[in-house]
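What TrEMBL records for this protein:
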DOMAIN    17-169  domain 'Glutaminyl-tRNA synthetase class Ib non-specific RNA-binding'
DOMAIN    173-252  domain 'Glutaminyl-tRNA synthetase class Ib non-specific RNA-binding'
DOMAIN    271-576  domain 'Glutamyl/glutaminyl-tRNA synthetase class Ib catalytic'
DOMAIN    579-683  domain 'Glutamyl/glutaminyl-tRNA synthetase class Ib anti-codon binding'
DOMAIN    693-770  domain 'tRNA synthetases class I (E and Q) anti-codon binding'
Amino acid sequence: MGTGGNGEKAAPALPLEALLALGLDQRTAENALVNSKVTANLAAVIAEAGIKECDKSVGNLLYAVATKYPTNALVHRPVLIKYVLSTKIKNPAQLDAALSFLTNTGPDSLDVEKFEEACGVGVVVSIEEIKSTVTDVLEENMEAIKEQRYHINVGTLCGQVRKRHPWGDAKAIKEEIDKRLAEILGPKTEADNIKPVKKKKEKPAKVEEKKVAVATSAPPSEEELNPYTIFPQPEENFKVHTEIFFSNGNIWRAHNSKEILEKHLKATGGKVMTRFPPEPNGYLHIGHAKAMFIDFGLAKERNGHCYLRFDDTNPEAEKKEYIDHIQEIVHWMGWEPYKVTYTSDYFQALYEHAVELIRRGLAYVDHQTGDEIKEYREKKMNSPWRDRPIEESLKLFEDMRRGLIAEGAATLRMKQDMQNENKNMSDLIAYRIKFTPHPHAGDKWCIYPSYDYAHCMVDSLENITHSLCTLEFDIRRPSYYWLLVALGLYQPYVWEYSRLNISNTVMSKRKLNQLVTEKWVDGWDDPRLLTLAGLQRRGVSSTAINSFIRGIGITRSDNSLIRVDRLEYHIREELNKTAPRTMVVLRPLKVVITNLEEGKVLDLDGKMWPDASDTDASAHYKVPFSRTVYIEKTDFRLKDSKDYYGLAPGKSVMLRYAFPIKCTDVIYGDNPDDIVKIRAEYDPLKTSKLKGVLHWVAEPTPGIEPLKVEVRLFEKLFMSENPAELENWLGDLNPHSKEVIKDAYAVPSLASAVLGDKFQFERLGYFAVDTDSTPEKLVFNRTVTLRDSFGKAGPK
């Protein structure tokens, strides 16, 4: 058996059956085998466990060990596996605590006593303890319980109990709370069954509390009304807001001279000039929506202009497909560029400035390899060619331009400050040789400028007033201004804002590209991705995205993670007002109405809007009601209960916009679990006492199936809130992120739906027509559920 570069033995190949024997579901097992690193880790864990099969609960924990185990504590993995196999660690909460403990322990010797204490080994929480703590928690929340009754957030109550008993049985806690609430509140009233309209606030919690404490709400701040007030006017750009410190004690204070600023203002007419500068090497994601909101939004608010500038300095990664997509998506987001430009439009000017930089003794041609440059930077050592004569560098740079020097044999580097504490001042590369035709500039050039050289230069050449970028570029600010000061060019005002990080997804283009190229998703516009194309295909509008962006603000806050639920809130808020209601049954269960005569079809009215007037025909759609109707399989149970509002034998429910029906008989297939259909009677006078209302679809004509549609249900793409932090981030993919239901039933009026149409499927969520739809069969994507359920119950 061979060994890897780190001396560890290479893991043997795993058959699919080996993973299924662990209790993993088919999709998870298949995904694991595609990823060589996950496969190797699983093989190692199985070998250390010395087992061939196990219970599903144990197998899932072993899978989590394989995909999440901290690499700095590998020496302790066999010990953890023994705890899992012996069920001393038996639930995800214990495992997470164990992994956290081991991360901090690293390769040091394991303190078994502290380890077991940290992850609750041997801790038994009795039902009496749970009951006692539930009593305490309910008493502490009694005022809210009596006020909100059954609308109280049970998840929050459970969380308070779990905080005191982290290793207690979650199911037992929930059951005890439900039982006690029923005792306290008694039977549910009609008001309890009405779902409250919840309004989320965009302000931080501490601000909300202040508002509650006063009689009237304080008016919104100027910044809330206009987030762009934080930016100065163009004529103010003569102040020093960046100092460039050198290792020899020198300081450059970057600012525009009076003459340079006056020349700039004359060229722009004093207008605000911004730019949105994407690199055309992939599709844009929601983080770019924030950049657009700031770049285009500031220009629009100040009656200025915003360029769409393609940062196309790397011909190997750029495609026309990406350029076309970016222009389309910018327009879809509601922004109109002043001009569409390319960094490559300025290649000649950039080259001439590079020659001038050499002449001033501030650039040189270098022959170090990439590895050598890295090594010398780490040691703060000058390149052997740093002090070569100016004339020699000029000649060599000309040779580079003419293609007389081999690719990789030379670069042009800026002569900055190799001893600087800021690595972005360590003689950054300005030009490199690439014998690759450029998609926009053609084959004129074989030397291409770097981002660090070109970005600030083109900002200056385009007279950009506000150069706005994300906080990770803050450290590059000295090198940005170094080049402009060195050449005596106009200097834009630079300001950095926090980048947008959203939970349960990845935002890096490299990771997104990997998901697409390795086919973990169905392309750049996969509705599970937070690419703008994916959101558009899923049915999200640009106005909902921009509303979300405005809500989170554009200040230099910390780089915190925004929960995806917050985006979904804005999506729901809009769709609730704009998406007409209709009915679709995902998993049909046949119901035969025995007291409705054969062949009879009643033409009923369904409401497209909840508050529509009964006399407004345009706000209604036709719903046929016939002897054969279909309800959701999940809306029928053989055993009824007090908290169940679906159909059961002997029980009545209301069919939305129709009549009450009562289940009179259940018809089984070949086994007791196979319910073929149910029989029911309807109450034409609507006198039945009812607890629930169900959506349904009927045969439009006796013996003719309802309209068949395909429905795609999406959940969060990753299980963890921040998968980008995980070493094995692909192992965190949610195996239930997509479910395709090919034969759902829909009301006849949906047959006329076209691309761009959006609906609320009653009780199911908001849906949009997908691009895969054909005249023969419509396909709908679930845009968002009616309310968030992922965090409470896991993916479904």
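Every residue, even glycine, has its Cβ placed from backbone N, Cα and C.
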Segment confidence, the domain 'Glutamyl/glutaminyl-tRNA synthetase class Ib anti-codon binding' (579-683), expressed as mean pLDDT: 92
The domain 'tRNA synthetases class I (E and Q) anti-codon binding' (693-770), counted residue by residue under DSSP: helix, strand, coil: 12 helix, 34 strand, 32 coil
Helix-strand-coil residue split for the domain 'Glutamyl/glutaminyl-tRNA synthetase class Ib anti-codon binding' (579-683), DSSP-based: 6 helix, 53 strand, 46 coil
